[in-house]
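Read the structure below first, then the notes.
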């Protein structure tokens, strides 16, 4: 299996399976002399960690991260990067592979069982193996390192829709996001989602969600035309997340309903004499290059395919059969996708920052003369 690495200069390679001994990643291309602490990485992982509420899988994984290489202890505390590959390891401790014994030969509808088998002629049926969302913990660890490449930049995510219930954007409050199990920025939507997901969970079913990401403080100029577009790389990174089925940047598909007057972001000079956009329909990216405005992206996640309802399928011998999935699963995988989406955005931004610096050096001076 190839394609376990993403990025150009800031490169992340992940390894491991859901029920293997461990999962991990190697971060290559990270600049030297960046300070961070193990607690920085652990805090990011804890936001994604399973089993923290009744609305996520009850698999109990502490997700304790170990740094194996690429750092030295800093005299003032914490660690400092050396510029060599940074290896991060997370041991798996709560696997229950016996839950999957009955489906070893049959394909679960909606999962990657059939496609892995038809491509490789073999698959790891234990919790989905390499295709499991368990792998995303490694991306979160890598994202915590990527964040150190971009001081002054913030990346935040929130769930904005679960099933048919969407937040009221007039009540958006980032301070509310860590105060509920849904990463929800609208406090009045929280009880609605609680009631809704309780019903979904008790029925043994699942539901999809939409996650919104906002990056602020991103320097103008990151990204490159035509095949190195920042939004294209961001979309690719987000679609690489398990269960992701769609991505929007800025207005996204809604832009198809707008007129040119409505969609184009007008510009004036701000208080510091630099261009300022009066709106942000573009989502902070024009021509594949960051404008300096907040970068706004959304990605949609399908319902978890592991449900208790019996489903029709076929097995490896070509026989029709019926299947239902045991094990522990998220009733809404979109909830824990928030820190994963943030991490992928961090990695893409760090990569483009290093690529931009390598090509043009410091940011181009503005205004232009003559």
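The backbone N, Cα and C atoms fix where each Cβ goes, glycine too.
Residues or ranges marked as NADP(+) binding site in Swiss-Prot (evidence: sequence analysis): 48, 54. The FMN binding site annotation in Swiss-Prot covers 130, 131, 132, 242, 243, 287, 302, 303, 304, 305, 306, 328.
A map of Swiss-Prot features onto the structure.
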| residue | record | DSSP class |
| --- | --- | --- |
| 48 | NADP(+) binding site | helix |
| 54 | NADP(+) binding site | coil |
| 130 | FMN binding site | helix |
| 243 | FMN binding site | coil |
| 302 | FMN binding site | coil |
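Neighbour density around each Cβ, counted as other Cβ atoms within 10 Å, peaks among the binding-site residues 48, 54, 130, 302 at 48. Cβ neighbours within 10 Å of residue 304 (FMN binding site), excluding its own Cβ and spanning all shown chains: 24. Residue 304 (FMN binding site) sits 16 Å from residue 48 (NADP(+) binding site), taking the CA atoms of both as reference points. Here the binding-site residues are 132, 306, and the one ringed by the most other CB atoms within 10 angstroms is 306. Residue 130 (FMN binding site) sits 18 Å from residue 48 (NADP(+) binding site), taking the Cα positions as reference. Taking only the Cα positions, the spacing between residue 48 (NADP(+) binding site) and residue 132 (FMN binding site) is 14 angstrom. In sequence order, 133, 301, 302, 304, 333, 334, 337 make up the list of same-chain residues 6 or more apart from residue 243 (FMN binding site) whose Cβ falls under 8 Å from its Cβ. Residue 132 (FMN binding site) sits 20 Å from residue 54 (NADP(+) binding site), counting Cα to Cα. Between the C-alpha atoms of residue 306 (FMN binding site) and residue 54 (NADP(+) binding site), the distance comes to 16 Å.
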